Amino acid sequence: MGTALLSLSGLTKTYPGVVANSDVGFDIQPGEVHALLGENGAGKSTLVKMIYGLVAPDSGQMTLNDVPFSPADPNAARAAGVAMVFQHFSLFDALSVAENVALGMDNPPPRRELSDKIRTVSKAYGLPLDPQRTVGDLSAGERQRVEIIRCLLQDPKLLIMDEPTSVLTPQEVEILFKTLRKLSAEGTAILYISHKLEEIRSLCDTATILRLGKKVATCTPAERTAAELAEMMVGSSLRPPERRAHEPGGVLLEVNDLTIAPTQAFGTRLQNISFSLRMGEILGIGGVAGNGQDELLAALSGEVLTDASAIVMQGTAVGAMGPTGRRNRGLLTAPEERLGHAAAPEMTLTENALLTGSKRQALVKGGWINWAAAKGFAEHIIHHFDVRTPGPEVAARALSGGNLQKFVIGREVLQEPHVLVVNQPTWGVDASAAASIRQALLDLAADGAAIICISQDLDELMEISDRFAALNEGKLSPIRATADLTVEEIGLMMGGAHGMEVADA
Amino acid sequence: MLKIEKRASPSKTWNWAAPIMAVALTMIVGGALFGLLGVNPFQAIAKIFYEPLFGEYAFYYRPQLMIKAAPLVLIAIGLSMGFRAGIWNIGAEGQYIMGALSGAGLALALYPMELPILLPLMVIAGALGGMLWGLIPGYLKVKFGTNEILVSLMLVYVAEQILASMALGLMKNPEGMGFPGSRNLQQYPSAHNAEIFAGSGMHWGVAAALIAVIFAYVMLTRHMFGFQLRLSGIAPRAAKFAGVDPGRMILICMGLSGALAGMAGLFEIAGPAGQVSIDFNVGYGFTAIIVAFLGRLNPIGILLAGLLLAITYVGGEITQSQMGLPLAAIQLFQGMLLFFLLAMDMLTNYRFRRSTKEAV
């Protein structure tokens, strides 16, 4: 096809021990919104890194407008008209929007001119943004707009977007999609990376599906059902988690007027959070990243102390108690960051099992470690949660993200908590591992535990939680039963479209 | 082209090969240095490493090795605990001095009373003195977030001034005819840290060092405190999540390393050194940092590294007196050991690969 904007063929990249991409090829037409669909570890990131000049392919060719294209670095890619918005933003919190944009340009125009340009572009594409604001004060959605505008100022022919909606409320997703459709109508091609099927079906013209580094298919997503796409992506059909019917019991955990000052600059202050949690119940807490999720987990785990009465567990005030005391009472947590927070990367799985299991699993007596028992507990987790690893003596960092997450969740679930708090339990985890983690949480609740699931994945929360609330700027919305919520209502609970008032200013 | 690449997990082989490589490289480069100074490098290196152990006068040098190695090992064991937890006490020299002064001060205050438990009491006083001196930077770090590296180092110089003041003032020997320095504790039977077996060099400090090695080994491998210590160093956030109180960990590590350094100082002042004098400290507290790293922060490794450093000390003195090598050359030789170790260390976590960057 001579008309293709970007044409890939036979792209292969191997890392030691892993084939990230094997013989991948497809075409992107000008003005096309092309989805790159695949599970975590399917090779999406490596592929776009090759297009963006961050990684050189081992073999294979790329052509851009029929000219061989092999960018040596991102500068070369940008010069050729390829721009990329990363999932993790590279912005300086302490600088203004305009300053951040200027830093990404080779020859930035004078500040005033640039500010005007930013305003123009932001108006033209419906991306409200005030160039004078400090980035540290912006919401995740607004930060993404900074990144997008930075790209648009270069007038790209191809815009790559890596999981752009993971940090957006449903309302913000709508705004973004309008912008992308407008760009596409003007002839800009968009390579859209995601694993969210409904989004892809509504937005993208074409989808290329990757599985284990290989291209499975290129299709028109609107003509397929979400289930068909999922099956192509995962390679097998997934069983949705089963819910056992059960009635919630007595109150296990009460949080009363919890207020915590941020521990770092541009951190989030938790404000007057109150809720109660009953036996057998799963409370889903949604919200865009950076709205107090980490702070809430730290307050519940005991890493940050509060007034004793702010957190009451089965009648005992535990707010002033550290993590060990809370664990002894059956309040267990699993933080979002697996490496370095929930687990020590350099330590073995046995040692990591000991990390939180020492007391409840009686792995330590009088300060002396029973290594045999610790190893036994690690093996128990590995076996029960199907953690793929040669054995418990392997360092945690050697495990894939999904396997380590199964280990971390399994470690807490198997300690029979009364209350379990998890943050992003399936983040970066492949679909089958995610399904098994959700099933484990549902089973735990059915057996009488109470669970708080903090997550940015709304589908996940709708699937497993009985009640739902959203964190927005450190405040918790009223709690509603999940069954009678609409997507619009959820979006409003998450704070609607952040920063829209600027649009009219 | 060679490319550096992080290993999936640290290499067990290199963990032990790195110190051996470092010693070998030190011999090569140090030998070249000796050669440039006009000394036969083979002879010099043979003298440094061979004479103290198996030479004609080994019967004299071997006890010297014990005497030099004991404080190094004792201090390094304490330091290694902190280093493992990511707490950088580099002021052991000051804690060593303060321990010596506390213990010696107790003995001098009680002089000439003969008391069978005087030496044990002095050991306790020495440990307390070193511990308190170590807790100052610890407390300041916990309370005000000061940098323990700077504070502990600066306190070394404070301790040196206190030592000088004591040697010239409060602790000066009243019967010393005006000479600086205290009474000689070697001549105060209750206070003398004498050799356990005459002529062996094996004083109570050597016994304490060996006990410390065993104690540290058992604690690091079997006890929850050792686990929390390692966890704090490797993954501080995970340690906090596991329930380790970081402030408490800092105080324990600073106190423990200070106490061991203080004990080392006491054993030295009550034994081989004998008296409080201006030039009492000779840098054991600093050399122990090299010993701790050379020994991979591993108690057994520290024992071996302490012996190795003691050999370079004793052997260095031999080459100095017999071959006319300057002291600076010997110190350079010891410094190289740490330098090469740190360089070789990289190979534990990284490896070289031929880079496969081909034209695309």
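Cβ coordinates are placed from backbone N, Cα and C, and glycine is handled just like the others.
Note: TrEMBL annotation is automatic and uncurated.
Quick look at what TrEMBL lists:
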TRANSMEM  B:20-45  transmembrane segment
TRANSMEM  B:65-83  transmembrane segment
TRANSMEM  B:117-137  transmembrane segment
TRANSMEM  B:149-171  transmembrane segment
TRANSMEM  B:202-220  transmembrane segment
TRANSMEM  B:249-267  transmembrane segment
TRANSMEM  B:300-316  transmembrane segment
TRANSMEM  B:328-347  transmembrane segment
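The recorded stretches the transmembrane segment (B:249-267) and the transmembrane segment (B:65-83) share 3+ CB pairs below 8 A when only pairs 6 or more apart in sequence are counted, and are therefore in contact. Each of B:20-45, B:65-83, B:202-220, B:300-316, B:328-347 was scored by its Cβ pairs under 8 Å to the transmembrane segment (B:117-137), and the highest score goes to B:202-220. Only residues 6 or more beyond the boundaries of the transmembrane segment (B:328-347), in the same chain, are considered here, and those with a CB under 8 A from a CB of the stretch are 4, 11, 14, 17-19, 21-23, 25-26, 29-30, 33-34, 37, 48, 287, 289-290, 293-294, 309, 312-313, 316-317, 319-320. Counting Cβ pairs under 8 Å to the transmembrane segment (B:300-316), the top-ranked stretch among B:20-45, B:65-83, B:149-171, B:202-220 is B:65-83. For the transmembrane segment (B:65-83), the list of distant contacts is 52-53, 89, 92, 96, 200-203, 205-206, 208-209, 212-213, 216, 229, 233, 253-254, 256-261, 263-265, 267-268, 271-272, 284-285, 287-289, 291-293, 295, 297-299, 302-303, 305-307, 309-311, 313-314: same-chain residues at least six beyond its ends, Cβ to Cβ under 8 Å. With a threshold of 8 Å between CB atoms, the same-chain residues lying at least 6 positions outside the transmembrane segment (B:20-45) that come near it are 294, 308, 319, 323-326, 329, 332-333, 336-337, 340-341, 343-344. Within the same chain, residues 63, 66-67, 69-71, 73-74, 77-78, 80-81, 84, 119, 123, 193-196, 226, 229-230, 260, 263-264, 267-268, 271-272, 299-300, 302-303, 306 sit at least 6 positions outside the transmembrane segment (B:202-220) and bring their C-beta atoms closer than 8 Å to a C-beta of that stretch.
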